[in-house]
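Student: Pasting the relevant annotations from Swiss-Prot:
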- Leu76, Gly108, Phe127, Ser128, Lys129, Met130, Thr131, Phe132: S-adenosyl-L-methionine binding site (BINDING)
Amino acid sequence: MNITIIAVGKLKEKYLKAAVEEYSKRLSRYCRLNIIEVQDEKTPDNASSSEQDIIKEKEGRRILKYINDNMYVVALDLKGSMMGSEEFSKFVGNLGLSGKSNIAFIIGGSLGISSEILKRADYKLCFSKMTFPHQLFRIMLLEQIYRGFRIMKGEPYHK
């Protein structure tokens, strides 16, 4: 299985980079992982709704450059469907069983994901109704993917 994470913004803090490296190493037993960072746009203070949409569209165009036709695209979005870890494990496993072995998870910037990306998405997933920093969320996603593979394989970890 090939898993691509396309995220807006770069990780700058060493502790976040270390966590990403650790989960990337752990996941190498289960899948080929590719993490792509696209440049984020600066959001001016008090940006209007239309300015925010323009920023999301610019970031969205950068993301689209990395999405192939054969990818099953999962957009991480507050309006998406929620599921628990075991359900997420089945979701990823079933994608692989149905021949969808190239999965792309999209993490938007601080303003969210563009409408163009949401239209392209095959599935919209919500981890929580809470908002998280997108840099931290990348680690949360990696951990859930790792947890999902452990559950799939019947290996201890998830309790």
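Backbone N, Cα and C define each Cβ position, glycine as well.
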Student: Tell me, how many other CB atoms lie within 10 A of the CB of Phe127 (S-adenosyl-L-methionine binding site), whichever protein chain they belong to?
Tutor: 17
Student: Using DSSP and collapsing to three states, where does Thr131 (S-adenosyl-L-methionine binding site) fall: helix, strand or coil?
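Tutor: Its secondary structure by DSSP: coil.
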Student: Max CA to CA distance in Å over the S-adenosyl-L-methionine-binding set Leu76, Gly108, Phe127, Ser128, Lys129, Met130, Thr131, Phe132?
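Tutor: Across Leu76, Gly108, Phe127, Ser128, Lys129, Met130, Thr131, Phe132, the two farthest Cα atoms sit 15 Å apart.
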Student: Cβ distance under 8 Å to Gly108 (S-adenosyl-L-methionine binding site), same chain, sequence separation 6 or more: which residues?
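Tutor: In sequence order, the residues whose Cβ lies under 8 Å from that of Gly108 (S-adenosyl-L-methionine binding site) (at least 6 apart) are Val8, Lys56, Glu59, Ala75, Leu76, Asp77, Ser114, Ile117, His134.
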Student: Where's the emptiest Cβ shell within 10 Å among the binding-site residues Leu76, Met130?
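Tutor: Counting other Cβ atoms within 10 Å of each of the binding-site residues Leu76, Met130, the minimum falls on Met130.
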Student: Helix, strand or coil for Leu76 (S-adenosyl-L-methionine binding site)? Use DSSP.
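Tutor: SS state of Leu76 (S-adenosyl-L-methionine binding site) = strand.
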Student: When DSSP is mapped onto helix/strand/coil, what comes out for Gly108 (S-adenosyl-L-methionine binding site)?
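Tutor: SS state of Gly108 (S-adenosyl-L-methionine binding site) = coil.
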Student: Given the recorded S-adenosyl-L-methionine site (Leu76, Gly108, Phe127, Ser128, Lys129, Met130, Thr131, Phe132), which additional residues of the same chain have their Cβ within 8 Å of the Cβ centre, ordered by sequence?
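Tutor: Everything else in range on the chain: Leu78, Cys126, Phe137.
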Student: Which ones in the same chain are close to Phe132 (S-adenosyl-L-methionine binding site), with CB under 8 Å and 6+ residues apart in sequence?
Tutor: Met140
Student: Just how many other Cβ atoms lie inside 10 Å of the Cβ on Ser128 (S-adenosyl-L-methionine binding site)?
Tutor: 10
Student: What are the non-local neighbours of Lys129 (S-adenosyl-L-methionine binding site), defined as same-chain residues 6+ apart in sequence with CB under 8 A from its CB?
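Tutor: Long-range Cβ contacts: Leu78.
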